[in-house]
Amino acid sequence: MISHIKKFINLYTIVFLLYILYSNENFFVKGQKLPPGFCPSPLIYRNTTDRQSDIDIGFQFLGETNCVQPCPSLILTENEWNKVFNMSLVAGTISMFALIFLIITYSPLVNNIKDYTRHTVGILFLFSGILIAMTTDGRQLWDIDLGFKKYCPEPGRFARQSDSKCLVTAIFFQFGCVTALLWWAAISVDLWITIKKIKISKKLFIIYTIAVNIVTIVLTFGPVGSKQYGYIDAAIGCWLMDLKYQVGYFWAPVGFCLCVGCVSIVLILKEIYNVSDAVKKKLLAKHLKPLMLIILMLTEFIYMFIFYSYTTSKKNHYHDIIEEYVVCLFVHAANPSVCKIGSTISPSAHFFFHLCIRLMGLEVLIFYGFTRQTRKIWMRSFWFNNSFIKRFLPSISSSNDSKSSNNKTSGRVTGGFGESSEQSNEPEQSIELSGIDDSKHDP
């Protein structure tokens, strides 16, 4: 009889405790004292002596407990995080080599600096910006063995500005993104100026170049003083943490550049529409590739802007889902596998967001690498016009000499540094926007 009474009391106690737990979902998160050293998986126990200091270096405590969120965050599953990081490795590596090839091609290492135009300088800055941003975000060839440790130095700790690797990669990433964005906008304006045949002085172009780089430096190093660089929940690299800094130092400039790009595209299309069919055909043949690239990158920038705006507006919703999952973990601490996290950020949308910048490396290769102009730059370079080539590959050398002789006898001169290629008197010697030999389209 006594044993039955004890069983009944134990059963009643269990039911009573469960009732308390379910009647106050935030009970554990907001004040429950857990047994020392205990946190239900995948949460991590942090034995802290200075809670605020631990928060400052990247630990994300759950309520008043000593449990911290795992790193990477619970927004995605570990498998989904691996997919995004592996994508950054594969797509980033391909784009990296593509961009290195293009930068070498259009740099003084291969391309004669006398042939430089506004457009040449613009695309070099664009290529360099994309390369810098892409090689400092996500997973790279040289840190495969680090896994998540690059951005999660300790279990449950998100890297912060105090971690030197995080600070360096964040600065380069921000610098690369802003550089690529501002010069993309500049190229879109330059394309319209070229079609309108507006003359831009070399001095004005140099002033603009200096101003753009000063703005880039300010937007990059401004947040350092407020210790704003770090690894956050939905990112795959260190970047700006607080919303107001993200908006002020990046997304506001993005919005401005998108407006500039959109206006430029409308003006370009208007100019092409207003000319005769014969001139229109020539303009399209000459400018179609850069125009397509500008529009394609505009689409990607707009997608990234919309995705960021949407996820930011749903931030509280995502927080509530994570909180419900954490409460479930505490309630079912003995069997946490029964807890399933609800839908937060769309894995596919998040995947494509980070893929966009890596696609840009492949896109510029398609529009600027696989062209006649790229081949001409290499064939005219020192690398194909030296004693070794003349000795062992005389056919290539004689072909280059013949083309050079024809250009000289034709009386052509190279366009000035401040001019874009289509404004110069020499379409073959300067960098074509479209990579198409302009002389073949002259009436």
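Any Cβ shown, glycine's included, is placed from N, Cα and C.
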(Q) Looking at N-linked glycosylation site as annotated by Swiss-Prot, pick the matching residue from Asn47, Asn274, Asn385. (A) Asn47
**Q.** Topological domain name match (Swiss-Prot): Tyr229 vs Met379, membrane
**A.** no
Q) Are the transmembrane segment (290-310) and the transmembrane segment (121-141) near each other by the rule of at least 3 C-beta pairs under 8 angstroms (pairs 6 or more apart)? A) no
(Q) Under 8 Å between C-beta atoms and at least six residues away from its ends: which parts of the chain pack against the topological domain 'Extracellular' (225-248)? (A) 58, 71-73, 75, 84-85, 88, 136-139, 151-152, 158-162, 166-167, 169-171, 173-174, 311-312, 345, 350, 354
Q: Summarise the topological domain 'Extracellular' (142-166) by DSSP state, stating how many residues are helix, strand and coil.
A: 8 helix, 3 strand, 14 coil
**Q.** Same-chain residues near the transmembrane segment (167-187), Cβ under 8 Å, at least 6 residues beyond its ends
**A.** 119, 122-123, 125-126, 128-137, 161, 208, 212-213, 215-217, 219-221, 223-224, 229-230, 237-240, 249-250, 253-254, 257, 260-261, 264, 290, 294, 297, 301, 357, 360
